[in-house]
Amino acid sequence: MTNSTLPPAQLHHLPASSIKSGAVNGAAADPVGTNEKFLQILRAPIDYLLTIPGKDVRGKMMNAFNQWLQIPEEKLDIIKEVIKLLHTASLLIDDIQDNSRLRRGLPVAHSIFGVAQTINTANYAYFLAQQELNKLDCAAAYEVFTEELLRLHQGQGMDIYWRDSSLCPTEEEYFEMVGNKTGGLFRLAVRLMQLASNKDCDFVPFVNVLGILFQIRDDYLNLQSDLYTKNKGFGEDLTEGKFSFPIIHSIRADPASITLTSILKQRTEDEDVKRYAISYIESTGSFEHCRRKIDELVGEARMCVKDMSPEDAKVADGIMAMVGLGAGGLSI
């Protein structure tokens, strides 16, 4: 007797009652997403992270961009939900890949729910976000979504590769990585909004610069901000062994020195060693280089919107302030 002629219960090694319930043979016992008890368990890492207050920079930026794009509120809410799910999922995965201990001042999700459950929940959130796209009723949204998710993972992959291989990238390579990784969700949000808008305008170049600015500022604050220390831990990028923007500049400022690369390889949690590393980075002028690069990129961002009316230019200023880059430059 071949498998195709076996009774269903014998074929699947399950009692016939399981077959009758619809648990196999191509049908779930319940439609997707209706078992509230299971969903609560599955969503727990996401819901935990969402209870920790954040700045909601992306949501506020979308509100600001909508002063230009003027899409219906219900479509804006859908796009916000897509970005929120993707951002939360990426944080869950980032904290695992970076061996982080704190997120916004509280224990990371995987230290509470476990690594396996947290990874599964993050993957689930990616598909929840994709499912939300149905509500936009726009076929092009799926292409944009897939394109930006691929870029995001490409950027993350290079960041991890450099870290784990102890290979210091060039600044140009860093900008490409950040454009894919950090800029991805900013760009996805604006591209989806542009698809839903009747306005004929392209803010992607502006958003590309904002993504790089946001990451350089984050790299700077990781090693310079007391508030960042409270939320994420002291000099976390050094413990992670990450090639952040000031670290890349510092290493390349004196290629003959192995001091900083050696510290990165140690994945040290010793605060005295990290303080020494920060003083070394300061001695190579790398924090000053960060500030100069931020000023330069702020100028580039303003050039992207230079032809706007004074009223629209105020919106651009507000968006810059949201990423910590007001009229006076870098803010903490």
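The chain as shown is numbered from 1 upward.
Even glycines carry a Cβ here, placed using N, Cα and C.
From the candidate list His87, His110, the residue Swiss-Prot records in the isopentenyl diphosphate site shared with Lys55, Arg58, Arg104 is His87. Surrounding the centroid of the Cβ atoms of Lys55, Arg58, His87, Arg104, where the record places isopentenyl diphosphate, the chain contributes additional residues within 8 Å, namely Gly54, Asp56, Val57, Leu91. According to DSSP, Lys55 (isopentenyl diphosphate binding site) sits in a coil region rather than a helix or strand. Ranked by Cα separation from Lys181 (dimethylallyl diphosphate binding site), the recorded positions Arg58, Asp94, Tyr126, Asp218 are led by Asp94.
The DSSP secondary structure for Arg103 (dimethylallyl diphosphate binding site) is strand.
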